[in-house]
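Among the features that Swiss-Prot reports, active site is placed at 11, 130, with the record citing sequence analysis.
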């Protein structure tokens, strides 16, 4: 059995880690390098850095922060946010990222997924999906630009397309659950997992350790992303893992 992973997510804006609720009301959490070191020592299995200002404001890739962090990390680092080209990916990998996460640019140019997968290997390419449920159309749609713009691309169609193009992993954020701490969108995540064979990282809604037990018990996703509950020190990575183990689920 593949052991489940717990992955802290650091949303970085203007060089600082921030967190909001449903992608709004951002508040300052701290220095990304310091927080990365804290989670590295606290038992995190991987880290995700999302530069949420990059797509919206178009500033340069945060290469210095990534290099400082990666040089001291002993766990894999995934970096996303505003990656537009193969050259961007090359720079990030050269500065210490282990994987890159593509979202808006992949929706705009799906062939970027194939090109990146062919050049760097699919294990390096994670596709981030900000999933919004539109009650009027009764379907989940992909959003871009940090969750601010909704597309007409349906999530269930998109996940199958990106797998065929060479994505090695999906990072799925349920926008309606983001920061709410009321549990993951189990039904939605289970449906996505039934459509693809690549690993899925679930994001949005993890409010306590039991939510992660439910996630891994009721879906076959590979990892759970956590932000608010860890940043606010409501719990720790090890505490979450201990509860998961008590639930009879193998975790790293």
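Every residue gets a Cβ built from N, Cα and C, even glycine.
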Residue 11 (active site): tally of other CB atoms within 10 A of its CB: 23
Neighbouring C-beta atoms (10 Å sphere around the C-beta of residue 130 (active site)): 28
Rounded inter-Cα distance in Å - residue 130 (active site), residue 11 (active site): 14
